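Student: Sequence annotations record features per position, and here Swiss-Prot assigns active site, proton donor/acceptor to LYS99. Annotation source Swiss-Prot lists substrate binding site at GLU21, TYR53, ILE72, ASP73.
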Amino acid sequence: MDKIVLEGCRFYGYHGAYKEEQTLGQIFLVDLELSVDLQAASLSSQLTDTVHYGMVFDSVRQLVEGEKFILIDGLAGAICEQLFNEFPPIEAIKVAIKKENPPIAGHYKAVGIELERQR
């Protein structure tokens, strides 16, 4: 299956189980892998034959920056649901969401989740 990839999308949001996360907010890193049949687009080179990744980015940004979730698992599920609803050609989605600086003690590069959904 062909893929459209958006990697390292950075958004500021207020998601998390800790009160500090819900009031102060933080940066969220979102990676998306969209399974889409790109055969027609590869032959026509027309935007109408594919999923516009700029529109995907805007859709995800509106959700991450405009809503609040206690768990990023819920945010990831909502991203999948919204993208399936807005972009019918998407057959499957892999989404990873990471927090670089959650309010937990320790040394790490990031914490996060990854999930995959199919129509």
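Quick reminder: no glycine exception, Cβ is built from N, Cα and C everywhere.
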Student: Measuring Cα to Cα, how many angstrom lie between LYS99 (active site, proton donor/acceptor) and ILE72 (substrate binding site)?
Tutor: 9
Student: For LYS99 (active site, proton donor/acceptor), which of the three DSSP-derived states applies: helix, strand, or coil?
Tutor: strand
Student: Tell me the Cβ neighbour count for LYS99 (active site, proton donor/acceptor), meaning other Cβ atoms within 10 Å of its Cβ, over all protein chains shown.
Tutor: 21
